[in-house]
Amino acid sequence: MEKAVSQFKDFVQSQHHDSYAAIQQADHRGHVVAITGASSGIGKAIAVSYGRCGVSALVLIARRPLDDVKSTVIAASVAAGHSPPEVMTVAANVADETSIYLAATKVKETLGHIDILVNNAGRVGTWGNVEAGEAQDWWQTWEVNIKGVYLTTRAFIPMLLQGKQKTIVNIGSMGVVSPVANLSAYLPSKLALIQFTNIVALEYSSQGLVAFTAYPGDVATELTGSFPEAMSPYFVDTPELPGDSIAWLTQRRLEWLSGRFVSLRWDLPELVSRQSEIVEGDKLRVTMRV
C-alpha cells in the first residue's frame with residue numbers, strides 16, 4: 001500500500017505548492033464555466049483564475065453570498081486585459097434536488113449552454129472516529145460530496161453536451177490512496193466520487209464528454225477548520241495552485257485524461273508530455289489489482 005501511495009504522489013517528478021508561470025497563461029475566451037462551492041477557498045480561486053484567463057461567462061453556484069467573488073473575478077479579468085465576463089451568481093444547495101434543478105434552469109434560460117463544469121462544493125464533517133459526532137452529520141457529508149455531485153452533473157450534462165469543451169472536473173482527495181483516520185465520512189465519499197466520475201466518463205464518452213477527478217493539494221480552507229492544530233503543518237498549498245491548474249488543464253479538451261485521477265501538485269506540462277505512457281499503460285486510474 002505504501003509503495004502504491006508513493007508511486008502516485010511522485011508520479012511526476014516536478015511538483016508545486018503554489019501557482020507557477022507555466023500554468024498562468026491559459027486561454028478561455030469564448031468559454032462558459034460553471035463552478036459549485038464558489039463562495040470561498042478553492043472555489044473562489046478557481047473562479048478568479050478563469051476570470052484572469054478571459055472566460056466569456058462564469059456561473060458561480062453556492063449557498064452563501066457571491067457578490068465579493070463576482071467583483072474579484074471581474075477585476076482580475078480586466079487587470080489581465082480582457083473584457084469583463086458575464087458573471088452569473090446562483091444561490092443553490094447542491095444536495096437539494098429542487099434547488100439545483102432551478103439553478104440549472106436559470107442557467108439554461110440565461111446562457112443556453114456551458115463548456116466546463118467544476119464540481120468543487122464539498123463537506124468534511126466531524127473530525128473523529130466512527131463513534132464521534134452524530135450519524136446525521138456523517139451522512140450529510142455524503143449528501144454533499146456524492147449526492148450533490150450527482151444532482152449537479154445530472155442537471156448540467158444537457159448543457160455541457162451543447163458546449164465546446166464538454167468537460168467535467170470533480171474535486172477529489174489524496175486520502176483515497178492514502179487513508180487518514182478520523183475522516184470516515186469524507187474519504188470514502190471521495191473514493192466513491194472517483195468511481196462516479198469514471199462511470200459518467202464511460203456513459204457519455206460517445207457524445208464527447210470528458211470527466212476526470214483532481215486532487216487540489218492540501219489547502220487550508222473553512223472545510224479544514226475542524227481539524228486538530230497538529231494537522232496544520234500539512235496544509236502547505238495555496239488556493240491559487242488548484243485555481244490556475246484547473247484553468248490550464250481545461251483550456252483544451254484532454255480526452256485521454258477522462259476517467260483518470262490526477263494531482264494538481266504535479267507539474268502539469270510534464271504530466272501532459274507523458275500522455276502516450278499514461279494511455280498505453282492505462283495509468284492514473286483507481287482500481288483494485290490482485
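Backbone N, Cα and C atoms are what each Cβ position is placed from, and that goes for glycine too.
As given in Swiss-Prot:
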ACT_SITE  Tyr186  active site, proton acceptor
ACT_SITE  Lys190  active site, lowers pKa of active site Tyr
BINDING   Ile35, Asn120, Arg154, Tyr186, Lys190, Val219, Thr221  NADP(+) binding site
Protein Cβ atoms within 10 Å of Ile35 (NADP(+) binding site), excluding its own: 26
Through the lens of DSSP with three states only, how would you label Asn120 (NADP(+) binding site)? coil
Using only C-alpha positions, which one of Ile35, Asn120, Arg154, Val219, Thr221 is spatially nearest Lys190 (active site, lowers pKa of active site Tyr)? These are the binding-site residues in the record. Asn120
Is it possible to get the count of other C-beta atoms within 10 angstroms of the C-beta of Arg154 (NADP(+) binding site)? 14
The residue listed as 'active site, proton acceptor' versus Ile35 (NADP(+) binding site) - Cα distance in angstrom: 20
Any idea which of the binding-site residues Asn120, Thr221 has the thinnest Cβ neighbourhood at 10 Å? Thr221
Going by C-beta under 8 A and a gap of 6 or more residues, the same-chain neighbours of Tyr186 (active site, proton acceptor) are Arg123, Val124, Gly125, Thr141, Asn145, Ser173, Gly175
Collapsed DSSP category at Thr221 (NADP(+) binding site): coil
Lys190 (active site, lowers pKa of active site Tyr), Cβ-centred 10 Å count of other Cβ atoms over all protein chains shown, is 23
So for Val219 (NADP(+) binding site), how many other CB atoms are inside 10 Å of its CB? 21
Mind computing the max CA-CA distance among Ile35, Asn120, Arg154, Tyr186, Lys190, Val219, Thr221, which the record assigns to NADP(+) binding, rounded to whole Å? 28
